[in-house]
Amino acid sequence: VKSGVIDGAKLEIHKTIKNYDDDKVLMPNVIFKFNIKPDDSVVAGKKEEKSGLDIKPGIVDGLETSKEVSYTNSDKPNSKDKYTYFDFSQVKFTNVGIYRYIVEEVQDTVSGIHYDSQKWYIDVYVVEGDNGFVPKYIVSSKALETKEPVLFSNSFDTTSLVVKKEVTGNTGDKTKNFKFQLLLKENAYFSAGQKVSVTITSEKASEVTTATIGQPLIFELKHNEQLKLDKLPVGITYQIDETSKNSDSYTTTATIQEGEQSQNSYVLNSDKETDKSPDIITVTNKRDTQVPTG
């Protein structure tokens with residue numbers, strides 16, 4: 001369908017995720033819904049100039065008025081385009097004419113998803129066939145202007161999480177590895193077993209690994225080292241813990257900075273749900289030792 005004119009009884013609905021071009025980004029499990037309804041704003045007696053046919057509000061008797069397109073975590077950019085159809089072949093049309101409908105996407109509330117608010121006008125041209133009134137062809141347009149195929153274009157957000165390590169105090173050991181644990185929790189949109197890219201950076205090198213949703217990732221950081229997830233889904237809950245906290249006479253504290261906000265305290269191993277603002281968690285181990293005097 002290139003021109004917005006379909007020969008037949010099936011209206012194609014094309015769905016795409018316009019910003020999905022990185023196969024390292026995890027696609028949410030999400031269902032997009034589309035509804036079709038009669039255009040009740042049609043003025044009685046209105047005719048199309050070219051054909052002379054009456055324009056009427058659409059008839060839904062015999063029409064499935066809701067359709068869905070589903071995505072899962074296993075979808076990648078090469079499967080971001082999906083299709084569904086409204087079938088007018090069983091609609092009980094009462095006469096010849098142009099039957100006008102409106103198709104819209106349901107504006108759902110899944111975190112991180114941007115929904116398409118475009119309203120599409122659908123004109124179904126009905127003629128008399130051998131067995132009654134049948135749809136001959138279908139025209140789609142925005143605002144009843146240029147004919148074009150129905151396309152709903154969505155996007156979704158990702159965010160980032162950085163975990164930094166700092167060691168302070170007069171006997172803080174800046175060469176020591178401190179053990180950490182990251183847990184990404186599964187939910188309806190992000191399933192257990194799915195993987196998210198992780199980079200651990202020191203002054204000398206970077207190591208790329210993966211965190212598996214539902215399984216703890218154990219890692220180590222020295223002073224000034226960090227872990228970063230730069231393609232973290234929005235709407236997933238994580239926990240960060242230093243499993244060696246408050247040992248060897250260190251006092252362990254943590255702060256979190258969300259986006260442009262100022263730092264606040266973070267309770268290690270507590271739940272935090274991601275949003276569009278990047279999170280930076282700084283974990284500080286401080287050790288001060290009073291040097292004995294004679």
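Backbone N, Cα and C define each Cβ position, glycine as well.
Because TrEMBL annotations are produced automatically, they should be read as predictions rather than curated entries.
TrEMBL has this to say about the protein:
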DOMAIN    160-264  domain 'DUF7601'
REGION    258-294  region 'Disordered'
COMPBIAS  258-268  compositional bias 'Polar residues'
COMPBIAS  285-294  compositional bias 'Basic and acidic residues'
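The compositional bias 'Basic and acidic residues' (285-294): residue composition by secondary structure is 0 helix, 2 strand, 8 coil, according to DSSP. The DSSP breakdown of the domain 'DUF7601' (160-264) into helical (H, G, I), extended (E, B) and coil residues amounts to 0 helix, 59 strand, 46 coil. In this model, the domain 'DUF7601' (160-264) carries an average pLDDT of 96.
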